[in-house]
Amino acid sequence: SLVVLSWWISLLMLIASQGSVKSGLNKFSLFSGCVCALNFILMVSFFCVDIVWFYIFFEASLVPTFILILGWGYQPERLQAGMYMMLYTITASLPLLVLILYKFELCGTSSFLLKNFLCEYVSNGFAGWSGLVGSEVVFCLGFGAFLVKLPMFSLHLWLPKAHVEAPVAGSMILAGVLLKLGGYGMIRVYSY
């Protein structure tokens, strides 16, 4: 269903932006390329069965969105809004990357679900990390990567700036699909 939603919103983005994108074939083709690249990244992230690839495409979705905000945003503050978006989401997702890499080192697998890994190690404390940090803290920090991409109070301070500065098409994809990607990741990674 998120795949159909992504295609539908992408089509609406292209239709809605035909008049607002600066005239000229190069500008519209670059805009269309960003929309298609973002759509491809979203499709791959929805169909991934490997958590490492999901993480890569989860974060790669920021690049076309950043280009859309910078290239076709309306206000001069669009650079600041794009940087807020990048810094918040990348900083919040680094603990998830550490958790994924630790799971890969410990278990030797990068299967999508962390549930087997978390069930075993949350109760016993992370082997090797028990003295350094509690497993609940690591779990919550990994969970934070997805909460930042949801419209969650106090964790989405980047979102109002990005919506204001983004073009109409950028706001459409932000509200329609990218914010749902956080919830989708939460369900896929932490489902029991």
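Keep in mind that glycine also has a Cβ here, set from the backbone N, Cα and C atoms.
Confidence in the domain 'NADH:ubiquinone oxidoreductase chain 4 N-terminal' (2-44), given as mean pLDDT, stands at 82. If you look up TrEMBL, you'll see 2-44 marked as domain 'NADH:ubiquinone oxidoreductase chain 4 N-terminal'.
Under the heading domain 'NADH:quinone oxidoreductase/Mrp antiporter transmembrane', TrEMBL lists 50-190.
Within its own chain, the signal peptide (1-19) has Cβ neighbours under 8 Å at 28, 31-32, 35-36, 38-39, 42-43, 46-47, 72, 167-169, 172-173, 176-177, 180, 184, counting only residues six or more beyond its boundaries. Under the heading signal peptide, TrEMBL lists 1-19.
Residues or ranges marked as transmembrane segment in TrEMBL: 28-49 (among others).
Per TrEMBL, the feature transmembrane segment maps to 56-75 (among others).
Positions annotated as transmembrane segment by TrEMBL: 81-104 (among others).
Among the features that TrEMBL reports, transmembrane segment is placed at 125-148 (among others).
Residues annotated as transmembrane segment in TrEMBL: 168-187 (among others).
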Mind pulling out the one from 56-75, 81-104, 168-187 with the most Cβ pairs under 8 angstroms to the transmembrane segment (28-49)?
56-75
